[in-house]
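Chemist: So TrEMBL says this about it:
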type    : residues                    : note
BINDING : Gly51, Gly52, Arg73, Asn166 : substrate binding site
DOMAIN  : 13-243                      : domain 'Aspartate/glutamate/uridylate kinase'
SITE    : Lys18                       : site 'Transition state stabilizer'
SITE    : Lys225                      : site 'Transition state stabilizer'
Amino acid sequence: MTTCKSTQVTARKRIVIKLGGSTLEGLNEAFFSNFKTLQEDGYEIIITHGGGPAINRELEKRDVPSHKINGIRVTNEEAMEIVQSTLIGQVNPKLVHDLNQAGIQAIGLNGFDMNLLECEFLDFETYGYVGEIKKIDTAIIDILTANNVVPVISCIGATETGQGLNINGDTVASEIALAVGAERLLLVTDVSGIRIGGEYQKEVTPEQIRQWIEEGKITGGMIPKVEGAIRVLNAGIPKVEIVDDTLTGTTITSKELVK
Ligand SMILES: Nc1ncnc2c1ncn2[C@@H]1O[C@H](COP(=O)(O)OP(=O)(O)O)[C@@H](O)[C@H]1O
Ligand SMILES: CC(=O)N[C@@H](CCC(=O)OP(=O)(O)O)C(=O)O
């Protein structure tokens, strides 16, 4: 993937926070107050989000079957229209509204806006209308964060010809974190981090993660999170956190480098 950065040079600390679809329906006071503390600590915040449960509901309503392979939704043409309209038309404005109501200036974006997420098909035969990010143009993010506005990015990418493609929310979060040179990546989800043998783990390494995937102890929606985390760590971002909406959970640190 190549990254287009605007000429603006910023010395400010950046944090990317990804909100999983399962958390979006009940963000609590603690979340908003943690959010404001991060802003007061000098972080420029960039939000990305998923919307899996809302998408599932819409697909069910219209009797469109869908399934996932390792956390990635196989998306046919009909499902694609539903995914795009649900994320851009429902989930994104609801989240932007909630943030604005909490006194946080926020604006909604998707991959079409100023060529934010340029994609190609990941593997049409296997996944259908799922995108692989080829280029991120951070210009709109720079403009907004320079003006203390929080970009809220939904995980819809666009091909050069203007076809919308579905991208997993965790993948968008990690690629955006890399493109904006984030200091921290927080993946907020419905569990308090990685749970192994019934216990939430406080700190883990990429090597442990690889082993747990092989052993079938990390599955489903946790897989794109940890895979994105490893990519981000390998690129030099020191830690990735998988947390619940009180920001409690697992820290993944790069104590050793994984290829
Ligand atoms: N080892 C694990 N520890 C914690 N959660 C796991 C693990 N393996 C699989 N999961 C699943 O991953 C889910 C989180 O992923 P997902 O449902 O995609 O959330 P989100 O919508 O926040 O992206 C958890 O609810 C849990 O069911
Ligand atoms: C390709 C792919 O898997 N897209 C995801 C996009 C939404 C998402 O990632 O939502 P969560 O963050 O709530 O899981 C999907 O269709 O469910």
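Glycine too: its Cβ is placed from the backbone N, Cα and C atoms.
Nobody curates TrEMBL annotations by hand; they come from automatic prediction.
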Chemist: Under a three-state reduction of DSSP output, how is Gly51 (substrate binding site) classified: helix, strand, or coil?
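Modeler: Where Gly51 (substrate binding site) sits, the three-state DSSP reduction gives coil.
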Chemist: Can you tell me which of these binding-site residues sit near ligand 1, meaning the Cβ is under 6 Å from at least one of its atoms: Gly52, Arg73, Asn166?
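Modeler: Going through Gly52, Arg73, Asn166 in sequence order, those close to ligand 1 turn out to be Gly52.
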Chemist: Give me the Cα-Cα distance between Arg73 (substrate binding site) and Lys225 (site 'Transition state stabilizer'), rounded to a whole Å.
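Modeler: The Cα atom of Arg73 (substrate binding site) is 14 Å away from the Cα atom of Lys225 (site 'Transition state stabilizer').
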Chemist: With every protein chain in view, what's the tally of Cβ atoms within 10 Å of the Cβ of Lys18 (site 'Transition state stabilizer'), excluding that atom itself?
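Modeler: For Lys18 (site 'Transition state stabilizer'), the 10 Å Cβ neighbour count is 28.
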Chemist: Looking only at the domain 'Aspartate/glutamate/uridylate kinase' (13-243), what is the model's average confidence as pLDDT?
Modeler: 95
Chemist: Given a 10 Å Cβ-Cβ cut-off, pick out the one of the recorded positions Arg73, Lys225 that has the most other Cβ atoms nearby.
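Modeler: Selected residue: Lys225.
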Chemist: For the substrate site given as Gly51, Gly52, Arg73, Asn166, which other residues of the same chain have their Cβ within 8 Å of the site's Cβ centre?
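Modeler: Going along the sequence, the neighbours appear as Gly21, Gly50, Ile55, Thr75, Val83, Leu87, Cys155, Asn168, Gly169.
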Chemist: Quick check on the binding-site residues Gly51, Gly52: which one has the highest count of other Cβ atoms within 10 Å of its Cβ?
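Modeler: Of Gly51, Gly52, the one with the most crowded Cβ is Gly51.
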Chemist: Counting only residues 6+ apart in the same chain, whose Cβ is under 8 Å from the Cβ of Asn166 (substrate binding site)?
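Modeler: Looking at Cβ-Cβ distances below 8 Å from Asn166 (substrate binding site), excluding near sequence neighbours, one finds Arg73, Thr75, Ala79, Met80, Val83, Gln84, Tyr129, Val130, Gly131, Cys155, Ile156.
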Chemist: Measuring Cα to Cα, how far is Lys225 (site 'Transition state stabilizer') from Lys18 (site 'Transition state stabilizer') in Å?
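Modeler: Lys225 (site 'Transition state stabilizer') and Lys18 (site 'Transition state stabilizer') have their Cα atoms 10 Å apart.
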Chemist: In whole Å, how far does the CA atom of Lys18 (site 'Transition state stabilizer') lie from that of Gly51 (substrate binding site)?
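Modeler: With the alpha carbons as reference points, the distance is 11 Å.
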Chemist: Where the record says Gly51, Gly52, Arg73, Asn166 bind substrate, what is the longest distance in Å from one Cα to another among those residues?
Modeler: 12
Chemist: Could you say whether, by DSSP, Lys225 (site 'Transition state stabilizer') belongs to a helix, a strand or a coil region?
Modeler: helix
